[in-house]
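Chemist: Checked TrEMBL, it gives:
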type	residues	note
DOMAIN	96-181	domain 'CAAX prenyl protease 2/Lysostaphin resistance protein A-like'
TRANSMEM	32-48	transmembrane segment
TRANSMEM	60-82	transmembrane segment
TRANSMEM	94-114	transmembrane segment
TRANSMEM	126-145	transmembrane segment
TRANSMEM	165-185	transmembrane segment
Amino acid sequence: MRSRTLFLLFLLVLFSGPLIVGSSGSVWTAVAWYASLLTVTLTIMKLERLGPLFVYRKGIVLRSLLYLLLLYGLLAVTSLVFPQESSAVQKLSLDPAMIVLLVILAPLAEEVAFRGYTQAIAKRRLGTNGAIIVTSLLFSFFHPFSVFPQIFVTSLLLGTIKEVHGSLVPCIIVHCLNNVVALAVSL
């Protein structure tokens, strides 16, 4: 019963984000929501004894860089099959809060929420592959639909990395670096 209640709390926080952030349009609202998502998810995971999340192993940074290269190869193929509209790349300002949000807070909160919690819960019922697919679908719905195929492929790779390493560390590194590149391209 407690697990179900905690999961419903997680879903409430997760699904409130697009509504709250979308209606506000403020970067500080987005920062507050991502911080709330991260805090609630970590608390639930501690109560549910899910983890460890942040296992650091020697060579993980180098492996993460190689995964980033693999990701860009996969995205190149995906973009050939599902071409992206040129309007899908948004122009962003260099607001320091936006940079911190996109490069650090959002990747950390999203990895903990999706690969850390959602994938772990889904794995109990669906097995590893099913959990990666369901988590990737859910993750993709929280991003602009115009980049759905690219986000889905990215999420499939991140979910696989999480299962291979048993840690969110390489997922967070790849996600942060990918957002750095996306931010640089959008300027």
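Numbers here mean position along the shown chain, with the first residue as 1.
Quick reminder: no glycine exception, Cβ is built from N, Cα and C everywhere.
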Chemist: What residues in the same chain, six or more past the boundaries of the transmembrane segment (60-82), come closer than 8 Å to it by Cβ-Cβ distance?
Modeler: 149-150, 153-154, 157, 161, 165, 167, 169-170, 173-174, 177-178
Chemist: As a test of reading the model: what is the averaged pLDDT for the domain 'CAAX prenyl protease 2/Lysostaphin resistance protein A-like' (96-181)?
Modeler: 96
